[in-house]
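Feature annotations, reproduced from TrEMBL:
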ACT_SITE  33  active site, proton donor
BINDING   26-33, 149-152, 186-189  ATP binding site
BINDING   57, 155  (R)-pantoate binding site
BINDING   57  beta-alanine binding site
Ligand code: PAF
């Protein structure tokens with residue numbers, strides 16, 4: 001496995017290949033990331049992972065400075081999962097000058113849910129993903145694939161929209177969320193949890209499962225009952241000591257709230273949630 005740090009070296013490493021399959025990460029890798037790499041592997045003739053903690057997608061009060069940087073351990077895991085090239089640029093390599101050009105996704109998709117609670121987050125994500133695509137795929141002659149986890153459901157949707165609207169020649173592949181034995185979605189931020197918090201953490205996914213059951217049971221009555229069901233789910237989680245940002249039932253196609261007509265046409269739904277346990281903010285979702 002080759003480890004490169006500059007855009008120039010990445011392009012040189014990828015020049016002999018036609019069809020890269022790419023996984024973008026911020027490092028501190030776990031089995032969820034390895035599942036993305038395993039999904040990517042058969043898609044192209046070279047598997048590439050990036051490791052870059054992207055300052056642009058963090059608000060000033062968020063955990064950019066403390067986000068764990070574990071390059072050596074990350075590379076060991078990637079090598080043993082069959083990754084061929086790791087791109088681990090420094091900030092100076094990826095942003096040699098302040099990044100003035102940015103990708104602004106449409107507010108109806110990017111200013112709701114995560115974007116509402118983390119203003120500017122998706123501008124940062126789209127900008128870095130666009131730039132990483134330019135770095136990884138510039139030498140490609142065949143199909144280009146990029147794998148993103150469904151755990152970041154809205155992120156994956158925003159990136160799919162960016163690719164579609166900007167006509168980027170990249171196929172976005174979604175990979176299922178990987179979970180611990182108790183059902184907690186794997187996330188780098190789980191590492192912030194104390195032992196007691198780790199035991200409690202599964203209750204976000206349990207609350208979402210229960211909201212999904214309520215949504216199904218409500219059937220055609222969902223548009224009228226949705227807010228009450230969501231409030232009840234958030235209240236139950238608050239009672240356990242969480243601070244929920246949102247637990248909500250949305251349409252899978254655009255993450256907007258389901259309307260009366262959708263219910264009768266069996267519109268497909270997803271439940272999504274974000275909540276803080278102590279100082280750790282966790283997100284999760286289930287397709288209903
Ligand atoms: O999902 C992540 O880890 C990040 O948002 C991404 C896609 C690597 C962009 O920095």
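Note that Cβ sites are derived from N, Cα and C of the backbone, with glycine treated the same way.
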Contacting recorded positions for ligand 1, chosen from 33, 149, 151, 186 when the Cβ sits under 6 angstroms of any of its atoms: none
For residue 155 ((R)-pantoate binding site), the one of 28, 30, 188 that lies nearest, given that the binding-site residues are compared by Cα: 188
The residue listed as 'active site, proton donor' and residue 151 (ATP binding site), distance between Cα atoms, whole Å: 11
Whole-number Å value for how far residue 57 ((R)-pantoate binding site) lies from residue 149 (ATP binding site) (Cα to Cα): 17
Cβ-Cβ distance under 8 Å to residue 188 (ATP binding site), same chain, at least six residues away: 26, 27, 28, 29, 30, 67, 68
Residue 186 (ATP binding site) in three-state DSSP notation: coil
In three-state DSSP terms, the structure that residue 30 (ATP binding site) belongs to: coil
Rounded to the nearest Å - Cα separation of residue 33 (active site, proton donor) and residue 57 ((R)-pantoate binding site): 19
